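> Take a look at what TrEMBL says about it:
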- THR243, ARG274, GLU297, ASN399: L-serine binding site (BINDING)
- ARG274, LYS275, GLU276, VAL290, HIS291, GLN292, PHE293, GLU363, LEU364, VAL365, SER366: ATP binding site (BINDING)
- 84-111: coiled coil (COILED)
- 146-409: domain 'Aminoacyl-transfer RNA synthetases class-II family profile' (DOMAIN)
- THR401: site 'Important for serine binding' (SITE)
Amino acid sequence: GSHASPPMLDILLFRSEQGGDPDLVRESQRRRYADVALVDQVIEYDQEWRKTRYSLDQALTTRGKTQKEIGGFMKKKETPPPELLEQKKAIEEEIAQLQAKEKECIELRDSTIGKIGNLVPDDVPVHDDEEHNAVVHEFGEFKREDWMLSHYDLIQMAGLANTERGSQVAGSRGYFLTGAGVLLNQALISYAMHFLTSRGATLLQTPFVMNKSLMSKVAQLADFDEQLYKVTGASEDQYLIATSEQPICAYHHGEWIDDKQLPKRYAGYSTCFRKEAGSHGRDQLGIFRVHQFEKVEQFAITSPEGKTSWDEQERMIQTSMDFYQSLGIPYKVVNIVSGELNDAAAKKYDLEAWFPGSNAHRELVSCSNCTDYQSRRLEVRFGQTKTDDGKKKYCHMLNSTLIATERAM
């Protein structure tokens, strides 16, 4: 069909008669503490679509026959009988109705699939409370001494940022980096980029705005309300990026990538913009949670075969761990519980650094394997342009923070 772009999950998953296993999707939804009934809705819409498609094919066949008969009369220079012309007109109307219905079925089916999250694998802890995140690595000591100051006191004392004037100029969470703060920020960016290029990544500095048509394929609906700033003035609505993951996701959209060119590893550098609408009152002080910050991101595109993308995810979190060890920042890495995963992520690690001033671990890194959830929507295909094994394959996509510089400071 000519509908926009394929949904993020393979429709074959929902067709048991074609070797799919809808129970897999149901179980994954349960793990996500999400709506299981969506799976049955998809199956219903899909069957409705197939019935409609069948009727449409039959109607098209009948129309062909009728046209042939009419053609027979025309050849003999005879007038076709009126009931034959009536019949053709009736079939034309039926076809138009069925085509409209088919389009509607596909739209309903695919938009329902769009509400279902990526399949959660077995090694993700099943729970809906972050308290049950599984700790997988620890580094350094988590000390808390009375003399330890919070980051916002230190930043003020060292003259690295001015949040008072920042919020007068830019509103809540506004800040100026000042003096050595500017240099420290640049140094962290530069160090992070060298760190990734020395490990074979290709640098990308991305656009800071994205067209709505592509942004809607890489962001969840809630993001539009809570995170994404809208930019008006262009012919199409645009949005400021919340992470360079968004434009890098779309960097290869509509392309076929051959196995020989994979994995593709990018180091994305950009400023990021977030409304933080869902975080009112949280982390108001200092530059921990801000509307605008710099970030160096790891992004990988891999083959969908075997364990490739799972191995890549381990490699990416290891890179982040090596990075914070090199900075001497104590941390723990957790495997995030199923109920807290965003729709695109099948599995997610967070690296949480120890903030002695807050006496707590806080997230510095999120490392997600999104498998083919994003690449289906963006049609980033795997393999030669036209392979004949009938099944479309899509590359796997992974993303991981290396550093959000202001927060790391």
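Any Cβ shown, glycine's included, is placed from N, Cα and C.
I'm curious about the neighbourhood of these features; can you describe it?
Neighbour count (other Cβ atoms within 10 Å of the Cβ, all protein chains): 25 for GLU297 (L-serine binding site). Secondary structure from DSSP puts GLU297 (L-serine binding site) in a beta strand.
Around LEU364 (ATP binding site), taking its Cβ as the centre, 21 other Cβ atoms fall within 10 Å, counting all chains. According to DSSP, LEU364 (ATP binding site) is assigned to a strand segment.
According to DSSP, THR401 (site 'Important for serine binding') is assigned to a strand segment. Remark: THR401 (site 'Important for serine binding') has LYS295, VAL296, GLU297, GLN298, SER320, LEU351, LEU364, VAL365, SER366, CYS367 as non-local neighbours, by Cβ distance under 8 Å and separation of at least 6 in sequence.
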> How many angstrom lie between the most widely spaced Cα atoms of the ATP binders ARG274, LYS275, GLU276, VAL290, HIS291, GLN292, PHE293, GLU363, LEU364, VAL365, SER366?
19
> Suppose you look only at the domain 'Aminoacyl-transfer RNA synthetases class-II family profile' (146-409); what would the mean pLDDT be?
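Mean pLDDT for the domain 'Aminoacyl-transfer RNA synthetases class-II family profile' (146-409): 94.
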> In whole Å, note down how far the CA of PHE293 (ATP binding site) lies from the CA of ASN399 (L-serine binding site).
18
> Max CA to CA distance in Å over the L-serine-binding set THR243, ARG274, GLU297, ASN399?
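The two farthest binding residues have Cα atoms 18 Å apart.
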> Residues with Cβ closer than 8 Å to the Cβ of GLU276 (ATP binding site), same chain and 6+ apart in sequence?
ARG173, GLU226, GLN227, ARG282, ARG289, HIS291
